[in-house]
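Asks: Checked TrEMBL, it gives:
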{"type": "DOMAIN", "residues": "158-297", "note": "domain 'Potassium channel inwardly rectifying transmembrane'"}
{"type": "DOMAIN", "residues": "304-482", "note": "domain 'Inward rectifier potassium channel C-terminal'"}
{"type": "REGION", "residues": "1-94", "note": "region 'Disordered'"}
{"type": "TRANSMEM", "residues": "192-214", "note": "transmembrane segment"}
{"type": "TRANSMEM", "residues": "269-292", "note": "transmembrane segment"}
Amino acid sequence: MLAYLPRPPTDTSRYGTFPQKPDLPAAPGALGEIGGQQAAATTAKRSAPMPNYPSAPRHSGFVPSEPSLLPGRGSLTTQHHRGHPPWCPPPAPQEAGARLYPLHALSVANIPNSSHGKTSARSSTIPAPEGLQSRRCKLLEEDSPMVQASKRQRQRYVTKVGKCQVNLGNIQDKKRFLSDIFTTIVDLKYRWFLFVFMMCYVITWVVFGFIYFFDAWVRGDVGHQGDPEWQACIENVDGFVSALLLSVESQRTIGYGTRMVTANCAEGVILLIAQSIVGSMIDAMMVGCMFVKISRPKKRAQTLIFSKNCVISRRDEKLCLMFRVGDLRESHMVDAKIRAKLIKSRQTAEGEFIPLEQSELNLGYDTGEDRLFLVEPQIICHVINRHSPFWDMSAESLRREQFEIIIILEGIVEATGNRCLAAGMTCQARTSYTEDEILWGYRFEPCMSLEKGAFQVDYSRFEMTFEVQTPAASAKELHELKELEQQEHSTLSLYWDHLLQPCALPGP
């Protein structure tokens, strides 16, 4: 699944309200069973417009969430009611001047509930065939919200441990990776990194061993072994294996003393110098890559933890979204900063579909609250105000939303041991929260206490929450209600001031 919302269709024939009524011949004897008044009532019900927007949620807890079923040509749109025959009246023709909306852009179905809607299935005069009826019932059962919830496999943008679930493919210009060979080697997995580490040494040993053997064979040192009068360039090299041992001993500066390069030839001295320089370069590069690979600050992020869930409750009379962060090490993060991104797909007014759009969540950037002194677990708060993307979200609409919140915690690893090597490495820890991991009306339990002259942190209570009284309305609705109460209070105060004003005047 590429994004959290379906891509809107490009076919313009699928835009609009309900499809037009198909011209089908009426079943014989169907019209004779309905009287004049019932036929008039049926006609009035059919002529009623059916808008293509979701109805308001009822107080009984039923939330229509089945997607609209778009039939093909010559088929009927059906809906299933409990306790009634599984057919429905054909939809009314579209009114003139009605706005066209893409049906796939809606997240709430426009199929009414039989317990709330007044239109009965008995107003249908054209019974559907048995095969078509069973097929429609099967489709409607597959589109039910429970089946959809069980079938839907949610793909995260970032996992809970901070791994980005994005795979890069079809990269044409791969020469860019070789231009930055150091970063390419460090980013390799450990099995490939160790393979490259070993092959760098093995290849150089074999290459220089072959050159040593070729030089000794050309000068005749191989054929004059044991001749005391022969001035050998490379002593005690009688084959490729002995030349390979000479290459390993020279590059690793082992020097057993049995095989060596003499001063009888200039090419042997030049070859020994070249191997020493190449070996030093390989040592510097491979040892540097190994040190960076082991001491990468990416591993420091394993001890930075986040709460499993987000909570939404009121703080200082404001609706807030909160989560908790903590550091398990005693060596603290220097200049720790935290930020949050909202990943949500949306459709523009022009019909453009934007998958995985990123928007910023304010965690106190304007007030400096996003800079943390992370010596104990802290609760990070996002105030839901008119600038927040959750301004219109209520407890009921949260169940129908599809989004992901990415939390990014950055900081510098505190210097431990050798300050020249450990200081200045930036560490980044990430996690994510989906809409089903947000608890409405909860608050985190405190996990700090004062014991023996010091503050004690109990990480067993890090994930614990408790329920608090929180209104289920959105922050926008609460703000409007508060403004209305203030207006009423000010009006009442003016009224009482007007009544008491004559009594305050002095008498004659």
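Here the Cβ of each residue, glycine as well, is placed from N, Cα and C on the backbone.
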Asks: Taking residues 6+ outside the transmembrane segment (192-214), which of them lie with a CB under 8 Å of any CB in it?
Replies: 185-186, 222, 234, 237, 239-240, 243-248, 250-251, 271, 275, 278-279, 282, 285-286, 289-290, 293
Asks: In the predicted model, what is the mean pLDDT computed over the domain 'Inward rectifier potassium channel C-terminal' (304-482)?
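Replies: Mean pLDDT for the domain 'Inward rectifier potassium channel C-terminal' (304-482): 89.
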Asks: Mind tallying the domain 'Potassium channel inwardly rectifying transmembrane' (158-297) by DSSP state, helix then strand then coil?
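Replies: With helix first, then strand, then coil, the domain 'Potassium channel inwardly rectifying transmembrane' (158-297) has 82 helix, 6 strand, 52 coil.
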